[in-house]
Amino acid sequence: MAGGGFTTNGGGAVDFEAKITPIVIISCIMAATGGLMFGYDVGVSGGVTSMPPFLKKFFPAVYRRTVLEQGLDSNYCKYDNQGLQLFTSSLYLAGLTATFFASYTTRQLGRRLTMLMAGFFFIAGVAFNAAAQNLAMLIVGRLLLGCGVGFANQAVPVFLSEIAPPRIRGALNILFQLNVTIGILFANLVNYGTNKIKGGWGWRLSLGLAGIPALLLTVGAILVVDTPNSLIERGRLDDGKAVLRKIRGTDNIEAEFLELCEASRIAKQVKHPFRNLLKRKNRPQIVISIALQIFQQFTGINAIMFYAPVLFNTLGFKNDASLYSAVITGAVNVLSTIVSIYSVDKIGRRMLLLEAGVQMFLSQVVIAIILGFKVKDHSDDLSKGFAIFVVVMVCTFVSSFAWSWGPLGWLIPSETFPLETRSAGQSVTVCVNLLFTFVIAQAFLSMLCHFKFGIFLFFSGWVLIMSCFVFLLVPETKGVPIEEMTNRVWKQHWFWKRFIDDDDYVKDDKIAAANNGFDPASQL
């Protein structure tokens, strides 16, 4: 009810009054540019690694196999090179390390300052890559970009979840993933254009234009306000209350402010948040978050998005055609993510994940069958009709991922951890994601060489497993305030409720009360 401040649902849960204010929309758009940078880095690497001048300068062995066709054992093995894979995967290895430092800065210095640090790392990485004279300089640039990815992926999803009103939290959080997809499309378009530049320097422009999203993130981090949760957590109660009033668009914020203060009070008693994650009561969040990150990578999406031009080249497309096909899949990626923004808070998280599982499984099986019959080791019989059909199937796969596992893999962990373990939980989420992103990026071209068309059957098998996991163990979190997840989600779930013991919360509250010097019984 509009005038009463909050409405009560069953089970004592509270829905706080919140308007969709311009400052929330603008802050979320600016913060989500971190996804734009991440997406551009994902998309640009696959494009430049298919450009002959780039290969000739940094990876001459691959250049001889792909352009001169010397020493080629199989069509599937054209790009099988550990150094080439390291160029792509080194970014995620650096991000994996950086996320532990980002967990500290997110909690102690705030979400906004962590995003600003990410912007500086991105700018430095772009400078090294665009000016690279040798492989070492190229890898250093990728490592700096990886640090930016670690900091941005740590701070941005948490920022978006905390600043958004609960009823549109899913849609605003998916702005991050939408920007990832826009970044990938932008990179594919840039690669398509720079590949036509004469003189062999087009790859430098592709890598250098990453400076645009890097600057957007840096400027955005300077302009946005920090979240009320972060300000209150760091003891700035008046600032937190002022920001909460501003982003909610109402003076009736006392109830929400008190709940944030209480969550912060409990959070401050947790001296070792990573150790606290291992407590039984946090088992549902940590298991689901880790599983979602592993499964997200084993859909095979990043293998396709990293190496889309390389993959299409392998299947017999010429260089321009492969880049053009990558642009098409990038556009489908963007449009399908927009679908997710409109549907995630209406249809819900579970339904999107389950529907996408069916679509991804069928499309990958069809691709494997076509390639098994038409693309051999030393010849490819992929006619124009079959080639178009393969692109359509890849787009079918990409679209289903883009409205499900792509955004929801980040959204669900960011909205389920309680405040006392949120930074640590997000750090583990990002860490696991980047670890398995690194594994797939480093191994995919070698897997393609050895598995051949079976690579798609490998990923489709994982899609079947993850769909069963979602059906059985992932609850619906649509429209539930973050601080109400325990009562309204975990305690109601058929499996996870056995891990939620009220005695644990009473014990934690007594410890917190004792540390703060008062008797909780006196407050009753």
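From the backbone N, Cα and C atoms, a Cβ is placed for every residue, glycine too.
TrEMBL labels come from automatic prediction, so no person has curated them.
What TrEMBL lists as domain 'Major facilitator superfamily (MFS) profile' is 27-478. The transmembrane segment feature in TrEMBL is assigned to 20-40, 83-101, 113-132, 138-160, 172-193, 205-225, 286-310, 322-344, 351-373, 385-406, 427-447, 453-474.
Looking at which of 113-132, 172-193, 205-225, 385-406 has the most CB pairs under 8 Å to the transmembrane segment (322-344), the answer is the stretch 172-193.
Highest Cβ contact count with the transmembrane segment (205-225) among the listed stretches 20-40, 113-132, 138-160, 172-193, 453-474 falls to 113-132 (criterion: pairs under 8 Å). Same-chain neighbours of the transmembrane segment (172-193): 24-25, 28-29, 31-44, 46-48, 50-51, 156-157, 160-161, 163-164, 202, 205-206, 209, 213, 305, 308-309, 320, 323-324, 326-327, 329-331, 333-334, 336-338, 340-341, 344, 402, 406-407, 410-411, 414-415, counting only residues six or more beyond its ends whose CB sits under 8 Å from a CB of the stretch. Tertiary neighbourhood of the transmembrane segment (20-40): same-chain residues 115, 118, 122, 148-149, 152-153, 155-156, 159-160, 163-165, 168, 172, 175-187, 209-210, 213-214, 216-217, 219-221, 223-225, 246-249, selected by CB-CB distance under 8 Å and a gap of 6+ residues from either end.
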